[in-house]
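Everything below concerns the one structure shown next.
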Amino acid sequence: MLPRAVAHISAAALDHNLSALAQRSGTRLLLPVKADAYGHGMELVGRLAAAHPDVWGLAVATPQEAETLARLDLGKPLLLLTPPAPEELGALADLGVRLPVSTLAEVEALPAHAQAHLKVDTGMNRLGARPADAVAVGRALAERGQLEGVYTHFATADEPDLSFALTQLVRFRSVLDALPPVLAHCANGGGVLSFGRIEGMSLARPGLAAYGYVPEHLRHVCALRPVMTVRARVNQLHTAYPGETVSYGALWRAERETGVAVVGMGYADGYPRNATGRAAVLIGGERRPVLGRICMDQMMVDVTGLDVGVGDWAELWGEGDLSVTDVARWGDTIEYEVLTGLGSRVERRVG
């Protein structure tokens, strides 16, 4: 069957971004591909990234993601970022997945053949050991020959005020200084762009930045490219006459004869319903408004005067004149939520 909506993943853009971020950080990359590679397709992106010389390994959030990637045998280290259930440890270790550890109890439960990365909570108050406790955990892992790396996560590195991120870095260094030399990583995308090379770090973990999206105040640092372009087909064309309304709630009313294209993308596909009244698409070479409420499976677009046919494509966001940042703003949300919310009915393909 023909896809009704497609997310085109640019291998060239991803390759460019990975090279630029590795150069900026001065390290190799541990690329997060969690949440279906931020909506881009975990297996697809995993294969592309594994072929890049600047990528040391891949990082995921759940044991299920880890198992899926490990079975692809991509030839790169794979780090699970969040603690698995105790009964999952053996299977993950058998697959070669690097495991996160932050307590002495987790050290004791770790299979003897597993490698671990010590997670340090330097201020995020999410996961990890506080610095005062982390050293003992790290030393216990090192004594067992299982400490491959140490990591933390910045809470504010993508903000203009970097004072708290610098405090976190000081706390992280206090742990590193008390442990034998191992892989160390702390910089997310904001950290890479804000700080550049951080002395003593072995890896960087740029998430959304690797896919081409960064806060506006950091865009001048690296010329990153959006990796994803989303397009959906025109399913039907008709005319709305003066006085007629379009979509649920009858919110939009035609003041003139209006060409209407029904485009196969809706909130069930991840397009934010909150963008109603503000959203637009690129179609027939122009930016045109979405009419009325966005529906579950489709949206209606004003194509008056355009040469558009059934089966033509409308661009929802991409590298051109309409970005996912626009869509997120219209939907009162953030790029992360739009991208990771992209539905399974949208086919991911390279090109």
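Each Cβ is built from the backbone N, Cα and C atoms, and glycine gets one as well.
Per Swiss-Prot, the features are:
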{"type": "ACT_SITE", "residues": "K34", "note": "active site, proton acceptor"}
{"type": "ACT_SITE", "residues": "Y248", "note": "active site, proton acceptor"}
{"type": "BINDING", "residues": "R126, M296", "note": "substrate binding site"}
{"type": "MOD_RES", "residues": "K34", "note": "N6-(pyridoxal phosphate)lysine"}
C-alpha spacing of R126 (substrate binding site) relative to Y248 (active site, proton acceptor), in angstrom: 41
Distant-in-sequence Cβ neighbours of K34 (active site, proton acceptor), under 8 Å, six or more positions away: M42, A59, V60, A61, T62, E65, L81
Neighbour tally for M296 (substrate binding site), based on other Cβ positions within 10 Å of its Cβ: 10
Three-class DSSP secondary structure - M296 (substrate binding site): coil
Listed in sequence order, residues with CB under 8 A of R126 (substrate binding site) and six or more positions away: H153
Neighbouring C-beta atoms (10 Å sphere around the C-beta of Y248 (active site, proton acceptor)): 12
